[in-house]
Amino acid sequence: NMASPALLMRVVASAYSVSEKAATIVRSVMAAGDLGIVEKTGANDLQTKADRLVQMSICASLARKFPKVTIIGEEELPSDEVTDELIEDGHCEEILKKTCPAQYTGIKEEELVIWVDPLDGTKEYTEGLLDHVTVLIGIAYKGKAIAGVINQPYYNYEAGAGAVLGRTIWGVLGMGAFGFQLTEVPAGKHIIITTRSHSNTLVNDCISALNPDSVIRVGGAGNKIIQLIEGKASAYVFASPGCKKWDTCAPEAILHAVGGKITDIHGNSFQYSKDVKHMNSAGVLAALRNYDYYASRIPNTVKQSLVP
């Protein structure tokens, strides 16, 4: 008789299916043509019908299964009853079959915090840059990101009619990450990936100081971490506030599960307890390999301008 899977594995297995449901909502809102865009704080801070529906779907689906887990999402939610078609009750069997890392076997529901970004890269979504878009579900324990799911609803969307659309990447610390091919940037190449729509002098000064071979500007924190783990970029550098805990939790777990590192610009770890402030006010620095090389080259002027 097999022992029932550890809570963490059940949460990750459910989050996997919940993210796939989220992806179908993201694609159907886009296909229907009315995105229902509202500006939150300005033209670079948008919310669409997809953000709202997906958040309702993810939070309600996970809360039904794991009522004592704290779930924190980007969007403010109306307290309406969530309709049944938004609920995803399934789970990924393959994840349940894997052995939970020993250090996480005793976790209780009330010790977990789930950080949800229902649609990371909203601005890009509204502009049709669909490969930038991700759905992020990060799972934290004792303030640390320990597991995550990144769904890319439009992965492969440029591959033509017969292509399978979308993919789900997931990972657990101490186990690894799955759903993609881990690749490193060629040795000696320094390709920096950074923000597309939130640039400023500080952001650009910081990048110049790293003397990169090239700079990629894209939307979405989830998307940037995928570029790191697939060998398209060597470091993600963002010398500005603006990124939030729900942007970094899932990507951090996946990056750390494959031996990478993400911190703020000062090198401090991000904290994911339920009572932390939501803003990562001291920016982001991440790399799959050679994190120390990039960290050592961040100018002091940049560090002094960003207060944790």
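The backbone N, Cα and C atoms fix where each Cβ goes, glycine too.
Here's what TrEMBL has on this protein:
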type	residues	note
BINDING	GLU74, ASP117, LEU119, ASP120, ASP247	Mg(2+) binding site
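Everything TrEMBL records as a feature, shown here on the structure.
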{"residue": "GLU74", "record": "Mg(2+) binding site", "Cβ neighbours (10 Å)": "21"}
{"residue": "ASP117", "record": "Mg(2+) binding site", "Cβ neighbours (10 Å)": "31"}
{"residue": "LEU119", "record": "Mg(2+) binding site", "Cβ neighbours (10 Å)": "30"}
{"residue": "ASP120", "record": "Mg(2+) binding site", "Cβ neighbours (10 Å)": "27"}
{"residue": "ASP247", "record": "Mg(2+) binding site", "Cβ neighbours (10 Å)": "27"}
Any further residue of that chain within 8 Å (Cβ to the Cβ centroid of GLU74, ASP117, LEU119, ASP120, ASP247) of the recorded Mg(2+) site: ASP51, VAL116, PRO118, GLY121, THR122, THR134, VAL135, LEU136, GLY220, ALA221, GLY222, LYS244, TRP246
